């Protein structure tokens, strides 16, 4: 059984980050790691980063035409490492085209690096902030150059205090080396990089809510994602990228897109950081090539399922928003955007939550529902009414005495098409979870339901 909260296994993964060991890279070309210091865990002073080749050739990269940078990112097939996996190059190009208008020339774009990391089961971004700060800074500089931005905000989860302090020290070091500020490395280009602590709300991980939080407003999603490109922060054209996405940019630009696409498979390139927690022997963060088999990820790089693979009952492959896969699906699927989409699941943030008891399925869903009921903005019917209404039904399923009428009501509430009547993707998160148990665990639902 999972314990109170999200479960003690997850709490161990969240709170024991100092002792988390990031495993060796799986299946990469020549064993290359995008983020080697996640294993080495050296203190990243800027002189050490420079000695390791970070910021190398940056003065030349700053001279690139922005479209050249965007083309390299497009060729790499890099997709967002946050929740939605949107092609990064296309996002950059959309903003670049938008700012080529008369209005765009008068107003400089803004870049936002999203390190809010409020998803249940995700702790990869915290390790990036702690151990690869200069890769984040360098990636932010490259992203800003690609869209000709002069300001970048690093939005960090509020309770990542130590990581925020460390990042600020590294930013100060970068300013001292003329890597930030006016006239970067003797060029005419300038970039100001500012840290902004998150509002402490789960909803600020959503793009438009994040922008409202940065503006000092109450974070409520209300802007379609495509509109933030033309009118985002303070009405300026805005590029929002996840911190892991940004951290991939230096290697892509320096080593070339062919290097990046040598890992993974078409439309699912490069490596990915996976936060693995729950019923595994070694909860940790793993850097693996895209398309690694899920079973291989768990068995060979997370110490295996507690009690052995035969004890496995299900896995949330991308956090709660991805829904839960049954054992048979877990044995077949590979960890990438397209393979999981084919199962009506998603990669999400790469938060892999492993369960080895059927009771845990319904206990985890109940815990997630309680979390959403207090942490979403309650604007849309799904989050405002739907989530709270299903809590009693999920309690019944967990305890084995759900009523058939309750189940029919629950499934009807979440039977709307995806993204129907919702402002943001969070409204679909609970919907995916409900659909996944209905689709992948029908026998368990029948077993736990009273007919009368």
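Any Cβ shown, glycine's included, is placed from N, Cα and C.
What you are looking at is a predicted structure, and each value in this text was computed from that prediction instead of being measured.
Under the heading transit peptide, Swiss-Prot lists 1-25, citing sequence analysis as support.
Swiss-Prot lists 80, 81, 82, 83, 84, 85, 86, 87, 88, 89 with the feature NAD(+) binding site, giving sequence analysis as the kind of evidence. Residue 86 (NAD(+) binding site) counts 16 other C-beta atoms within 10 Å of its own C-beta, drawing on all protein chains shown.
Of all Cβ atoms in the protein chains displayed, 12 besides its own lie within 10 Å of the Cβ of residue 234 (FMN binding site). The FMN binding site annotation in Swiss-Prot covers 198-245.
The feature [4Fe-4S] cluster binding site is assigned by Swiss-Prot to 377, 380, 383, 424, with sequence analysis given as support. The Cβ of residue 377 ([4Fe-4S] cluster binding site) lies under 8 Å from the Cβ of 203, 209, 219, 220, 221, 383, each on the same chain and at least six residues away in sequence.
The Cβ neighbour count for residue 380 ([4Fe-4S] cluster binding site), using a 10 Å radius and every protein chain shown, is 18. Sequence-distant neighbours of residue 228 (FMN binding site) (same chain, 6+ apart, CB under 8 A from its CB) are 207, 208, 211, 238, 240. When the binding-site residues 88, 204 are compared by the number of other CB atoms within 10 angstroms of each CB, 204 has the fewest. Cβ crowding, taken as the number of other Cβ atoms within 10 Å, peaks at 210 among the binding-site residues 210, 424. Note on proximity: of the binding-site residues 198, 204, 216, the one nearest residue 380 ([4Fe-4S] cluster binding site) is 204, by Cα distance. Residue 383 ([4Fe-4S] cluster binding site) is surrounded by 23 other CB atoms, counting those within 10 A of its CB over all protein chains shown. Closest in space to residue 216 (FMN binding site), of the binding-site residues given as 84, 86, 424, is 424, taking the CA atom of each residue.
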